[in-house]
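Residues or ranges marked as domain 'Beta-ketoacyl-[acyl-carrier-protein] synthase III N-terminal' in TrEMBL: 111-190. Per TrEMBL, the feature active site maps to Cys117, His252, Asn282. Marked as domain 'Beta-ketoacyl-[acyl-carrier-protein] synthase III C-terminal' by TrEMBL: 236-322. Residues annotated as region 'ACP-binding' in TrEMBL: 253-257.
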Amino acid sequence: MGNARIVGSGSFLPEKIVSNEELAATLNSKGIKTSDEWIIQRTGICQRHLAENLTTSYMAGEAAKLALLDADIKSSELDMIIVATSTPDNVFPSTACLVQANIQAYSASAFDIQAACSGFVYALSVANSFISSGFAKNIMVIGSEIFSRIIDWNDRKTCVLFGDGAGAFVLSESGDLHSGILSVDLQANGDYSSILSVGSHFNNSAIVGDPFIRMDGQAVFKQAINFLEISARNICKKSNFPLESIDWFVPHQANIRIMNALGHKLGIPNDKFIITVDKHANTSAASIPLAFDYARKDGRIKERDVVLMQGVGGGFTCGSILAVV
Ligand code: UT7
């Protein structure tokens, strides 16, 4: 037994890339004022990938196949598939069941988790509990999102912020308590539910309420930094691991200014932060595995490195995972 260890990772990004300049030109032509300069200065985003006619489950499946190859295990060896998403293909079946069929992982149970942009960290914590308690050996955890379908493309406050994509981890037993996931910290506060939401539901074939993402940007900005700082300090205290000894910080990729402010509050230099928000924009539950996989493949995150992954977003939710790679 032992903790869950990340033994493979994989990413999928749709081919279609839209730069800030292209998006600004489209919005300006509709009389909506924005610019490349504004988007870069306020967010650090330069471009986003858009899924167009792809599905969340398809992207999840592609990321999962690459993670299996990376882990060098067969899909038949998976005991469980967990997909973190707020943009599933269907109300049900779960996206995880569709991935299970796609990758032919018929020994695996399958279910989705919805905790908005904290979803991947919540899903990792569930997978870790199943593995460390001995109920599962190999688990596929995926974050996959198509936020471009829940964006109001006439709302400049939100439509410039998001992108689509998927990232996946294979987790397996580490064999000991000093490698793999060392500690978990999960938080939620429903009092802040209104600052970031898609406030609609289905009723008798009609969508009732606003079908688009709405956000009080400044409130979310403030709470994100607040929650991330508290959670980072909590997890280090729980695991008795000094913050300054962490090799890499992989926070949710929403805004470069949030990550810079977090680094400043924690006293951590910017070069310890993995940043992909410039290339991917905010991909919600997919942002952490996409950023982790990017930095692993470019050689920055290496075996035995200690990594802090942190999600934050709608709910309000926040979560941290401290892991030895
Ligand atoms: O994944 C979930 C977590 N989400 C987040 O973490 C997002 C958190 N929030 C943010 O990242 C930032 O609050 C934003 C990037 C959304 C906005 O940045 P800001 O510095 O807080 O800007 P602001 O909302 O204070 O807006 C400043 C100005 C306003 O105009 P006035 O009132 O000063 O005339 C906005 O109307 O910028 C205007 N504005 C824009 N201008 C050009 C808002 N959006 C745009 C835009 N282009 N796209």
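The backbone N, Cα and C atoms fix where each Cβ goes, and this holds for glycine too.
Known features from TrEMBL, placed on the structure.
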residue	record	DSSP class
Cys117	active site	helix
His252	active site	coil
Asn282	active site	strand
Listed in sequence order, residues with CB under 8 A of His252 (active site) and six or more positions away: Cys117, Ser118, Ala224, Asn282, Ser287, Ile288, Gln310, Gly311, Val312, Gly313
Within the domain 'Beta-ketoacyl-[acyl-carrier-protein] synthase III N-terminal' (111-190), residues counted as helix, strand or coil by DSSP: 25 helix, 32 strand, 23 coil
PLDDT averaged over every residue in the region 'ACP-binding' (253-257): 98
Cβ atoms near Asn282 (active site) (within 10 Å, other residues, all chains): 23
Neighbouring C-beta atoms (10 Å sphere around the C-beta of Cys117 (active site)): 33
